[in-house]
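S.K.: Provided herewith is a single structure, encoded as structure tokens, for subsequent inquiry.
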Amino acid sequence: MLGTLGLWALLPAAVQAPPNRRTCVFFEAPGVRGSTKTLGELLDAGPGPPRVIRCLYSRCCFGIWNLTRDQAQVEMQGCRDSDEPGCESLSCDPSPRARASSGSTLFTCSCGADFCNANYSHLPPLGGPGTPGPQGPQAAPGESPWMALALLGLVLLLLLLLGGIVVALLQRKAYRVQSGPEPEPDSGRDCSEELPELPQLCFSQVIREGGHAAVWAGQLQGELVAIKVFPRRAVAQFRAERALYELPGLQHNHVVRFIAAGQGGPGPLPSGPLLVLELHPKGSLCQYLSQHTSDWGSSLRMALSLAQGLAFLHEERWQDGQYKPGIAHRDLSSQNVLIREDGSCAIGDLGLALVLPGFAQPRAWAPPQPRGPAAIMEAGTQRYMAPELLDKSLDLQDWGTALRRADVYSLALLLWEILSRCPDLRPDGRPPPFQLAYEAELGSAPTTCELWALAVEERRRPDIPSSWCCFATDPGGLRELLEDCWDADPEARLTAECVQQRLVALVHPQEAQPCPEGRPHSHPEDWPPAPAPAPALLPGSPQPGACHFGVQQGLCSRNPGAACASSDV
């Protein structure tokens with residue numbers, strides 16, 4: 001029988017865990033998929049494996065071994081993403097999980113002490129009692145009576161628990177009869193107490209219904225407004241979105257304007273918390289593109305305004321004595337972008353938006369932080385999710401930058417949808433009917449697995465027709481812009497600020513490429529105006545000319561071979 005792996009001898013005694021931080025052995029065999037290195041901070045414990053990792057999200061180590069008839073081979077060691085059952089053990093006691101292949105079995109353990117995953121106490125012989133066989137785990141001789149007694153005890157415990165619940169319910173009912181009706185839960189009552197009534201608010205019709213809220217069209221003091229009504233069970237979602245809209249400095253032409261928060265309800269419906277927002281009668285970008293085509297100037301106006309709105313959200317700034325943090329939208333889709341009266345875009349629905357870590361926030365600034373990797377990687381519409389969100393490989397060490405990159409990927413899909421309805425980019429002037437991104441490849445309701453296979457495994461993107469080069473300042477300008485935004489490598493993507501600069505360059509081209517089909521270009525008066533210069537960015541933020549998210553960032557040039565002046569992040 002194999003002994004311990006003896007990995008303790010390879011760990012330097014100088015590696016000590018700080019208080020409240022678990023330190024584990026880290027190892028991943030070649031070919032293992034799904035790295036866990038982002039769940040902790042890797043430390044240099046020696047010239048070769050195993051290494052040491054300091055856990056960020058749990059106080060639990062794990063180990064996985066592959067037992068064959070000849071030997072036990074380490075497959076993975078590291079930190080778990082949460083404290084699971086079994087993590088209270090101070091030693092690694094592996095248990096069989098599955099048959100990796102014929103003649104081998106995977107064993108895993110969880111433990112809650114520093115370096116506890118370096119050694120295992122014992123492994124049963126392959127094919128012995130407790131090792132999974134073709135029909136699953138086999139019970140050892142003599143286990144059946146003990147198992148029956150354990151089940152009997154569990155049944156008795158459940159019966160006692162049910163009896164206690166029944167008695168408690170009867171006592172509560174008797175108390176209600178004596179003391180009158182019970183008040184509503186605290187969460188709903190507190191929310192109602194702090195929200196004003198809006199007696200002049202009128203509801204007209206439902207625009208959209210979702211999982212956490214319904215959006216109505218209505219009026220407030222004679223102004224047409226959109227009213228987002230939350231049920232009482234969604235008070236937490238209401239508070240999170242309200243807190244974002246009420247951030248100082250969050251006013252921009254291309255972000256939906258927040259008007260008020262209050263309580264109420266349409267007609268006889270029960271009142272609940274609500275947000276009053278600016279109404280855009282032309283509807284969402286998806287609805288608009290389904291019913292209209294847009295010439296070159298109008299398409300650029302939509303694309304540029306969308307990039308300006310996202311760049312504003314991502315930007316961290318001080319202006320007029322007010323601090324605005326960077327914000328990741330995390331649910332950028334053509335349903336959540338609205339069309340203004342002038343044909344430009346306004347980004348809405350901040351229900352999943354997240355305040356990002358900053359470089360120069362005030363000392364008293366303490367925004368709520370996401371709790372663990374799952375909260376950081378939460379995203380909205382699957383169709384627009386970046387590859388690193390689909391395969392759960394988002395960079396958790398610098399999650400603020402990583403979420404900005406994921407937004408830029410979604411932005412690229414929206415730009416493709418806008419340009420796909422531009423007749424000036426078609427030889428015959430007839431764009432096809434509107435389709436969402438990946439709808440041609442996967443249909444109207446793709447599954448997560450289908451999106452993963454297409455966007456992650458095959459690295460495919462929506463088709464870019466060759467005729468789109470006609471209106472770029474250099475051949476392939478539009479193609480290069482989209483490809484630089486939806487690159488499979490997040491670090492290679494443009495920033496939203498750089499997307500804005502490239503679109504400005506397309507609005508005012510120096511030389512227009514002749515279109516082979518002879519279609520005329522749009523007139524200059526149809527082009528959208530250049531954006532006003534943005535206020536100075538904070539020290540340490542990406543500079544206005546910085547294109548990519550990498551450490552070395554170059555100026556915004558459409559020539560990939562041109563020399564780029566680097567700037568510090």
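Cβ from N, Cα, C; glycine included.
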S.K.: Look at the disulfide annotations in Swiss-Prot and name the partner of Cys55 from this list: Cys61, Cys79, Cys87.
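M.R.: Of the candidates Cys61, Cys79, Cys87, the one Swiss-Prot pairs with Cys55 is Cys79.
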S.K.: Based on the record in Swiss-Prot, give the one of Cys92, Cys116 in a disulfide bond with Cys109.
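M.R.: Checking Swiss-Prot, the candidate bonded to Cys109 through a disulfide is Cys92.
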S.K.: Any idea which of 320-343, 512-535 is down as region 'Disordered' in Swiss-Prot?
M.R.: 512-535
S.K.: Counting every protein chain present, what is the number of Cβ atoms, excluding its own, within 10 Å of the Cβ of Ile207 (ATP binding site)?
M.R.: 17
S.K.: Rounded to the nearest angstrom, how far is the Cα of Asn66 (N-linked glycosylation site) from the Cα of Ala213 (ATP binding site)?
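M.R.: So the Cα of Asn66 (N-linked glycosylation site) lies 49 Å away from that of Ala213 (ATP binding site).
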S.K.: What is the biggest Cα to Cα gap, in Å, among Ile207, Arg208, Glu209, Gly210, Gly211, His212, Ala213, Ala214, Val215, Lys228, the residues listed as binding ATP?
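M.R.: Site span for ATP, by Cα atoms: 14 Å.
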S.K.: Measuring Cα to Cα, how far is Asn119 (N-linked glycosylation site) from Val215 (ATP binding site) in Å?
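M.R.: Counting only the Cα atoms, the answer is 57 Å.
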S.K.: Could you tell me the C-alpha distance between Val215 (ATP binding site) and Asp331 (active site, proton acceptor) in angstrom, no decimals?
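M.R.: For Val215 (ATP binding site) versus Asp331 (active site, proton acceptor), the Cα atoms are 17 Å apart.
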S.K.: Once near-sequence residues are set aside, which residues in the chain of Glu209 (ATP binding site), 6 or more away, have Cβ atoms under 8 Å from its Cβ?
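M.R.: Counting only residues 6 or more apart in sequence, the Cβ neighbours of Glu209 (ATP binding site) under 8 Å are Val215.
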S.K.: Roughly how many angstrom lie between the C-alpha atoms of Asp331 (active site, proton acceptor) and Gly211 (ATP binding site)?
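M.R.: So the alpha carbons of Asp331 (active site, proton acceptor) and Gly211 (ATP binding site) sit roughly 14 Å from each other.
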